[in-house]
Amino acid sequence: MNSRLQYVELNDGRFIPGLGFGTYKPPEVPNSKTTEATKIAIEAGYRHIDCAYAYQVEEEVGLAVRSKIADGTVKREDIFCTSKLWCTFHRPELVQSSLERSLKKFHFDYVDLYLIHYPFSMKVNENGKTIYDHVDLCAVWEAMEKCKDAGLAKSIGVSNFNRRQLEMILNKPGLKYKPVCNQVECHVYHNQRKLLDFCKSKNIVLVAYGALGTQRDKQWVDQSSPVLLDDPVLGALAKKHKRSPALIALRYQLQRGVVVLAQSLKENEIKENIQVERRAVGMWVLYMLLLSSYPGTFLSPPPQKKEIKEYPWKLLNHLTYFKMLPIAFSESFKYMTL
Ligand SMILES: NC(=O)c1ccc[n+]([C@@H]2O[C@H](COP(=O)([O-])OP(=O)(O)OC[C@H]3O[C@@H](n4cnc5c(N)ncnc54)[C@H](OP(=O)(O)O)[C@@H]3O)[C@@H](O)[C@H]2O)c1
């Protein structure tokens, strides 16, 4: 494995760099910041860029990549670029044209990975209002398979799917391609232990977003939730290993075979985060985080939206210290040797 980029093999034989650069930013931040940050990221050594139609920065990401190709820093084939199908384009006849629209914005012939962004569908009604819709996920997946066959997406996968929804695709009669990954919220406070085991058993890579505790966007994140990078255990580990809490939080994911995304618009943070794999972390202490702090999600909150058929999350139980203790130890032994 390349020590800087740590590629992980996907179930279709292609490889994904273990660390990806996240490009979501709140709408009030100018889009030009994304171009700037993405160029810095490529110069710093990132080769995996995570984007989506919904982030509305595909043009800026494409511009940054093309400028780094033009100045000889990289070739197109060195970059692993992801985009995602938004919920309003789930109807099978809209899937390929939606990807083509993204490709036009990037000025790319293909994306390396195309994901179904969420397992629930939406549509715009006659009054211009966006409402929930129902589209059969298996039909969406068949349309994704056609995008791969057309060469527009080298690999295809899903995001924010729970186990049942993954099984629905895996058990689909006539399945041509398995999803290569499931991109979900995953961090030390919500480590997706069961979903990770399931994904591993099916040779599906788990890709973690929110690994640094998210951008804490007021629109989505409860501002009274704890700030992940201020966690005292993470801080103590960082001190011990002479690394930042961010590097410990990222290393934690790589050690357990998770591909991890890290977002920042700040040059120092972008450059710092790519140092991730340099030092191992005492895994057992990290598992203690689960016990000490806030077992919960930031971006995938559990309002029980029962009216949405494919709403993927359910309320988390607030697990007690004693219930979690044996799990923490068995998990730490499982990954200690990696
Ligand atoms: N599939 C999905 O539904 C989905 C959902 C959410 C995100 N994503 C993807 O995942 C990416 C990452 O998730 P995210 O954007 O939620 O956030 P994240 O990577 O968990 O956290 C980003 C924030 O962490 C802070 N940070 C970054 N590096 C740091 C460092 N070295 N030291 C201290 N603080 C640091 C920055 O805050 P400051 O700027 O304040 O320093 C930054 O805004 C997104 O950009 C997007 O590409 C996907």
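In case you wondered, yes, glycine gets a Cβ from its N, Cα and C as well.
The feature active site, proton donor is assigned by TrEMBL to Tyr55. According to TrEMBL, the substrate binding site annotation covers His117. The domain 'NADP-dependent oxidoreductase' feature in TrEMBL is assigned to 19-276. Here TrEMBL flags Lys84 as site 'Lowers pKa of active site Tyr'.
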### Task
Return one of helix, strand or coil for His117 (substrate binding site), based on DSSP.
coil
### Message
Going by DSSP, is Lys84 (site 'Lowers pKa of active site Tyr') sitting in a helix, a strand, or coil?
### Response
strand
### Summary
Out of the recorded positions Lys84, His117, the residue with the smallest number of other Cβ atoms within 10 Å is His117
### Message
I'm checking region-level scores; what's the whole-number mean pLDDT for the domain 'NADP-dependent oxidoreductase' (19-276)?
### Response
95
### Task
Can you grab the distance from Tyr55 (active site, proton donor) over to His117 (substrate binding site)? Cα atoms, rounded to a whole Å.
11
